[in-house]
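Here is what TrEMBL records for this protein:
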{"type": "DOMAIN", "residues": "8-121", "note": "domain 'Casparian strip membrane protein'"}
{"type": "TRANSMEM", "residues": "21-39", "note": "transmembrane segment"}
{"type": "TRANSMEM", "residues": "45-66", "note": "transmembrane segment"}
{"type": "TRANSMEM", "residues": "78-98", "note": "transmembrane segment"}
């Protein structure tokens, strides 16, 4: 059977998984530096998804590295199915998180600051005044 570049158990797959882990970690790191990112659901969603992608990608990078060292690529259909479904679900969730975050950033840039309906903001101010 011919080896497809980037398939599980190859050095290309190991490189791709390490890149995926590094970029997911960078995304999570930059989101953590954001001031009040937790006040927008889209940003919280992105942080949650990146928190799922990082261990998934790192685990598969370890599997790839182990397969490359042993020169024994994984070809069991059950394992490949789990990896394909896991990658499909996480990539769909990552796309949704990135798209929603981009739309919130666009909204914030076009409104020149925080976007808060007057009724909601007045409720928050009253609540904060009671706490102080």
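Every residue gets a Cβ built from N, Cα and C, even glycine.
Keep in mind that TrEMBL annotations are predicted by a computer and have not been checked by a curator.
If you look at the transmembrane segment (78-98), the same-chain residues 6 or more away from its ends with a CB under 8 A from one of its CBs are 8, 42, 45-46, 48-50, 52-53, 56, 60. Helix first, then strand, then coil: DSSP counts for the domain 'Casparian strip membrane protein' (8-121) stand at 95 helix, 0 strand, 19 coil.
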